[in-house]
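**Student:** According to TrEMBL, the record shows the following:
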BINDING   ASP17, GLU205  Mg(2+) binding site
ACT_SITE  ASP17  active site
BINDING   18-22, ARG30, HIS34, 62-64, TRP66, ARG68, ARG186, 192-194  substrate binding site
ACT_SITE  ASN65  active site, proton acceptor
Amino acid sequence: MGFLKSNLPKHIAVIMDGNGRWATARGKSRSEGHREGAQAIDRLMDASLELGLQNISLYAFSTENWKRPITEIRSIFNLLIEFIETRLDTIHARGIRIHHSGSRKRLTRGVLDKIDFAIDKTKKNKNLTVNFCLNYGSRDELLRAAQEVFLERKRSKVSFEKPLKEKELEKFLYTSTLPPVDLLIRTAGEQRLSNFLLWQSAYAELYFTDTLWPDFDKNSLVDSLKWYETRTRKFGGLENG
Ligand code: FPP
């Protein structure tokens, strides 16, 4: 496969869409689709380690997903708990760092405890960061960051008139320890960002595939990386400028 490390995206964000359609097509419940989706996360982590990727963000539950039926919401959170319980030792042994992006409000004590335990256990790991975006929405994140800037300026008596710089806001984003998103992947044929990492993806290359998330495998990831290699990143400048 031979990707040059320097050409690999430093941060890949994934909108894991299509679990429901995958299940419906097989006469299974939506929960079974999500379970299959969790296995696709296993494959993605393995493939990412193999290929030498450094940072992956996964949209596991959005601030808008609370509108889904309570049974489905429960099945996703139960899966997350099971995911951490059954995989954490392997994840840790492989040098993966777990990170959480999203609001802690509305998450149950049980979910928060599991996430906090996983984050603490894996905090020194360096091979790959997997950022679970759970109860995450970009607008919510940006409002919160703006509020924090306001409070910090008040605390440290910095004038509100002083122009706000990107760095001052960025340090309050959930992703402050991660580089900007280079490649954003959305599965299942939809072509929208759905309130996902909008600030962080300002210059991301956007890759859309019809593959449903439970079918996404190492080959799918390699296809997205090959496509990424062909893109010329300009960041608003000129190609050779
Ligand atoms: C989108 O598919 C998927 C989600 C909203 C949830 C993503 C969750 C997982 C991949 C499994 C959870 C596992 C962990 C470890 C958190 P959809 O249900 O919107 O699919 P559809 O558009 O086909 O209905």
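Cβ coordinates are placed from backbone N, Cα and C, and glycine is handled just like the others.
Can you walk me through where each of these features ends up in the structure?
**Tutor:** Counting every protein chain shown, the Cβ of ASP17 (Mg(2+) binding site) has 24 other Cβ atoms within 10 Å. For the recorded site, ASP17 (Mg(2+) binding site), the DSSP three-state label reads coil.
Counting every protein chain shown, the number of other Cβ atoms lying within 10 Å of the Cβ of ASN65 (active site, proton acceptor) is 17.
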**Student:** So if I take the binding-site residues (GLY20, HIS34, ARG186, LEU193) and measure from each Cβ to the nearest atom of ligand 1, which come out below 6 Å?
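**Tutor:** GLY20, HIS34, by Cβ distance under 6 Å.
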**Student:** Rounded to the nearest Å, what's the C-alpha distance separating ASN65 (active site, proton acceptor) and ARG186 (substrate binding site)? Just drop the number here, would you?
**Tutor:** 17
**Student:** Can you give me the Cα-Cα distance between ASP17 (Mg(2+) binding site) and LEU193 (substrate binding site) in Å, rounded to a whole number?
**Tutor:** 11
**Student:** Near ARG186 (substrate binding site), how many other Cβ atoms are within 10 Å of its Cβ?
**Tutor:** 23
